[in-house]
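S.K.: Sharing a structure, written as structure tokens. Questions coming.
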Amino acid sequence: MELPASNSSCENGSLISLYCSSQKVLCQIISDLQPEVPSNVTSNSWQERFRKNYSFYVGLGLAILSSFLVGSSVILKKKGLQRLVASGATRAVDGGYGYLKDSMWWAGFLTMAAGEVANFGAYAFAPATVVTPLGALSILISAVFSSYFLRESLNLLGKLGCVICVAGSTVMVIHAPEEEKITTIMEMAAKMKDTGYIVFAVFLLVSCLILIFIVAPRYGQRNILVYIVICSVIGAFSVPASKGLGMTIRNFFQGLPVVRHPLPYILSLMLALSISTQVNFLNRALDIFNTSLVFPIYYVFFTTTVMTSSIILFKEWYRMSAVDIVGTLSGFVTIILGVFMLHAFKDLDISQSSLPHMHKNPPATPAPEPSVIRLGDKNVLVDNMELSSTPSPEEKPKVFIAHS
């Protein structure tokens with residue numbers, strides 16, 4: 001066996017030709033061939049220190065920025081759809097695409113695209129179980145902005161729901177799970193070949209096709225859940241696609257030969273189809289139903305689907321303690337309750353001034369003083385006697401019968 005001198009660098013991604021008798025084997029290095037560093041030795045690489053200490057916070061910041069941009073984009077797109085209806089053009093729910101000519105809708109679309117890019121980066125640095133539930137902040141932002149720009153009401157219970165959503169998101173961040181260590185696109189491909197994930201993906205795909213071609217034409221305009229469930233189910237494919245593409249970009253700058261691997265192209269196609277389908281059916285839902293109803297329901301279904309997908313694909317919950325599992329589930333349930341309060345009581349006229357303890361006891365109304373008639377006022381006394389003795393026109397004369 002001999003090793004050519006030209007390939008003796010043994011760096012990541014380098015190819016090595018090995019000759020043994022008459023056979024030739026081509027090998028690829030996917031990890032550094034270096035001796036293991038003892039655990040008590042501190043790494044001097046600032047990239048390594050940054051990845052270990054600050055990558056989670058970078059992902060957290062990108063997730064919060066993504067929520068702000070996505071929440072703002074909903075208002076812009078809704079304004080564009082309202083202008084479309086006012087102009088008399090074919091509505092999106094009826095198959096019209098007149099919103100593509102509206103500048104306000106495009107502003108919302110570009111804002112949402114920027115939010116998705118930030119979300120894309122967040123999945124590359126932080127676990128999906130943390131990034132996805134933080135989407136509740138976009139609901140909070142859209143609810144607050146819709147009360148100002150779309151004249152949609154936000155009462156006291158809605159404001160309390162916003163606070164509860166923030167509290168639940170904080171609990172989930174504190175008890176965030178650790179992802180299974182997947183650093184290369186080759187490891188990602190091996191994970192996606194897992195039998196459990198393949199069965200789960202096929203189930204989601206078949207369910208989505210049934211909803212699109214059978215259920216949506218019949219019940220889509222009457223039931224708010226149809227379009228939202230389609231967006232949620234198809235959106236579950238965007239999370240592994242975003243995470244895999246983020247890993248591809250990172251591996252590319254690390255010098256790995258990801259360009260020749262087929263998985264990045266498959267993930268790009270999956271992400272494009274997922275986003276386009278979500279935009280289409282989300283526009284239909286926004287065109288018919290209230291914004292303050294669409295996004296909370298969409299958040300609950302989408303987050304549940306993504307968390308289930310992450311558990312099956314990335315095995316994020318396998319290394320968590322019982323306390324962290326309970327904390328994560330409690331935070332998620334808290335967010336759902338906050339979203340429920342935010343929109344279940346949105347039509348009630350409840351404010352701080354309408355609370356019972358905010359009202360002061362009104363002063364007692366003084367009883368009217370009885371009118372005193374003096375004996376000297378003979379005319380008044382006689383008139384009162386005549387009025388009391390005169391029967392009203394509605395009263396019938398009384399007849400008395402005496403029996404002997």
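Along the chain as shown, residues are numbered 1 onward.
The backbone N, Cα and C atoms fix where each Cβ goes, and this holds for glycine too.
Sharing the feature lines straight out of TrEMBL:
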| type | residues | note |
| --- | --- | --- |
| TRANSMEM | 54-76 | transmembrane segment |
| TRANSMEM | 131-150 | transmembrane segment |
| TRANSMEM | 157-176 | transmembrane segment |
| TRANSMEM | 196-217 | transmembrane segment |
| TRANSMEM | 224-242 | transmembrane segment |
| TRANSMEM | 262-281 | transmembrane segment |
| TRANSMEM | 293-313 | transmembrane segment |
| TRANSMEM | 325-345 | transmembrane segment |
S.K.: Can you tell me which parts of the same chain pack against the transmembrane segment (157-176), counting only residues 6+ beyond its ends and a CB-CB cutoff under 8 A?
M.R.: 56, 60, 126-127, 129-130, 133-134, 136-137, 139-140, 143-144, 320, 323-325, 327-328, 330-343, 345-346, 348, 350
S.K.: Which bits of the chain, at least 6 residues beyond where the transmembrane segment (196-217) starts or stops, bring a Cβ under 8 A of a Cβ in it?
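M.R.: For the transmembrane segment (196-217), the list is 226-227, 229-230, 233-234, 236-237, 281, 305, 308-309, 312-313.
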S.K.: So, taking each listed stretch (131-150, 262-281, 325-345) in turn and counting its Cβ pairs to the transmembrane segment (224-242) that are under 8 angstroms, which one gives the highest count?
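M.R.: Most contacts with the transmembrane segment (224-242): 262-281.
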